[in-house]
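Student: Quick one: this structure, given as structure tokens, is what I'll be asking you about.
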Amino acid sequence: MLKFINKKLLIILVSVFFIALIFWGSAILRNSFFDLVSFFKTYIDIYPILSIFVFLLLSVMSVMLMSFSSIWLVPIAAAVWGNFYTSILLLAGWLLGSIFSYLVGRYAGYPIVSKIIDPKKIDYYRKLLFETNSGFGLIIMSRFVLPSEIPGYVLGIAKYNFIKYFAATFLTELPYVIISVYAVRAIIDREPLALIIWSSIWFIAASILFYVYYIKIHHGHTHDGIIDENNNS
């Protein structure tokens, strides 16, 4: 089951943990953070459009590339733009990144994608998604559970229906935006109760989804194995 743990979820949880340590464990680090916010806010006020573009670009890159995450930008963005606008920008960036990765997979194909993502991972997840009788529900869970840079390329290569892909992406990225922005902001505002509520809801929902996803994948492989045995007998 560890194969299915989402890198983005781990990054969010680790980020929340370290941000909590900074804001609740050290007044010096907390003051340093607000000094950093003031520094960036000066440039954001001078170049508002460019700042939004850069944030969107980094958010897009975090979806398309395995080695980069935009989660670390959320605390500063939330402190400068507020929860609502940061959520909109982060969601827009992640959706655009997911769309671009799908289009790369669909129109550039396996040869190009294999230069971005490890070919073994592409083959593994392609079999995982399309050799287990996966329906739309499983695609949604795959977008939630699997590393964010994987499904877009794989589903694009498989020419999966774009409308369904976008719907699944929106439904799964929205919870990530909520936990990323609102949980981090609860830490910044030193509201432990709000953080506990957000984190508890997220942990319970994620645990259920991981379990259901694992059961469906395991059942799909078992079912396919039975069919193969019957065909060979």
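Placement of Cβ uses the backbone N, Cα and C atoms for every residue, glycine included.
These numbers come from a predicted model, not from an experiment.
What TrEMBL records for 9-29, 49-72, 124-146, 166-188, 194-214 is transmembrane segment. Sequence annotations record features per position, and here TrEMBL assigns domain 'VTT' to 73-184.
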Student: Residues of the same chain, at least six outside the transmembrane segment (9-29), with any C-beta under 8 angstroms of its C-beta?
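Tutor: Distal contacts: 69, 71-72, 74-75, 176, 179-180, 183-184, 187-188, 190, 192, 195, 199, 206.
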Student: Just to be sure I understand, if DSSP states are collapsed into helix, strand and coil, how many residues of the domain 'VTT' (73-184) fall in each?
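Tutor: For that range the per-state counts are 96 helix, 0 strand, 16 coil.
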Student: Do you know the mean pLDDT across the domain 'VTT' (73-184)?
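Tutor: Within the domain 'VTT' (73-184), the model's average pLDDT equals 82.
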